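Below: one structure, written as structure tokens.
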């Protein structure tokens, strides 16, 4: 593969990461304070969107696996076909409609649509790795380019969106308004969010166009057997009966939910539960830069000290988030952001490092035909998205019970306490629960005397499933 091909392939991964980063940090704040949607409806919107993305995974795999090759390939038409629709859906997700009574329905509909389209965009794009070249080394190199570009996209999404909308949440907007009760939506705030949405939405057609121009699918270069095998539901029944997989999934359901809650409520906490309005952008960027730069370090730690030992790196953030809830000052916030980035990095790396061991152990025990490893990975993604949906939905609903008033300059004391609990006590308890589950029982190991050719074949199929 040429350098240009690898770069163009990597560029294709930027849009989803840009959009995901912006929505993860800022969507909840936008819905509550700018769109002034009631917290109960925001809870429904976040839950529905995450469930929509989770349900779209097996559906996308089903349809894409059965699609026929066209002149532009078998996977590329799905990426290009989704591009105009996801561009519009992302922009309308941040658009403030002129009516107020149905805004909850508006944002729920477009968030569900965006999450589903993002899945239909990401699945064929990631699977495109197997159709670039038959050489495993070149595939690994292309994947490295992809991961680098996606990390840059994650950083770019939060940075660009945050810089554009930074003026929408400054304290001066409340200087001439009563502290109690909601403040009218500022036209400038709505305009800033629309501009940010338009800028980030343009990454979809631009990056998709470069992907199409610079990357060509090679017919017949993928392993045809890797897409065959049992149905998703039949395979799921087998995989959930495998104790190491069940333990891994349950533990990271807790850990992933805790990380998503911490990520989503940190901006709200800085805005309403502390005087850190001016530091929101810096804190968010510190988290992302810390996570990006520490990823190679955690890869070395995992190889050097083992996966179970590395898992304790996830709980490094625990004492610091409790400290932030108790002492919400700028220096503490930046230290928490730095340490949280370290924990987030290892929490993302570790499950994908442990899953191949679980798949290998299952294959050794059951000797099923090819295809089950696909179900291991797709079901893990499905359950992780589902846990995030439940965690964000329930936690946002707790703001409603606490009396959160959309658009208010100053929230009630119960809301401040709830935000402190959501960024301190909740992640702490959930992370420790997940780690306790993970540490129970031995780590699955593959017998060292297995046939090397079988091992190599399994690794090829597993890499396809991971993509």
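Glycine is treated like the rest: Cβ placed from N, Cα and C.
Annotated features in TrEMBL:
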TRANSMEM  75-96  transmembrane segment
TRANSMEM  108-132  transmembrane segment
TRANSMEM  144-164  transmembrane segment
TRANSMEM  192-213  transmembrane segment
TRANSMEM  245-268  transmembrane segment
TRANSMEM  280-298  transmembrane segment
TRANSMEM  310-327  transmembrane segment
TRANSMEM  333-355  transmembrane segment
TRANSMEM  417-440  transmembrane segment
REGION    445-467  region 'Disordered'
COMPBIAS  455-467  compositional bias 'Polar residues'
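Per-stretch counts of Cβ pairs under 8 Å to the transmembrane segment (245-268) identify 417-440 as the leading one among 75-96, 192-213, 417-440.
The largest share of C-beta pairs under 8 angstroms with the transmembrane segment (192-213) comes from 75-96, of the ranges 75-96, 108-132, 280-298, 310-327, 333-355. The list of residues near the transmembrane segment (75-96) in space but at least 6 beyond its ends in sequence, with Cβ under 8 angstroms from a Cβ of it, reads 12, 15, 19, 23, 27, 30, 34-35, 64, 67, 107, 110-111, 113-114, 117-118, 120-121, 123-125, 127-128, 131, 185, 190, 193-194, 196-198, 200-202, 204-205, 208, 211-212, 215, 217. With pairs at least 6 apart in sequence, the transmembrane segment (108-132) and the transmembrane segment (417-440) have fewer than 3 Cβ pairs within the 8 Å limit; the two do not touch. Listed by sequence, the residues of this chain that lie at least six past the ends of the transmembrane segment (310-327) yet keep a Cβ under 8 A from its Cβ atoms are 255, 262, 269, 298, 301-302, 333, 335-336, 339-340, 342-343, 346-347, 350, 420-421, 423-425, 427-428, 431-432, 434-435, 438-439.
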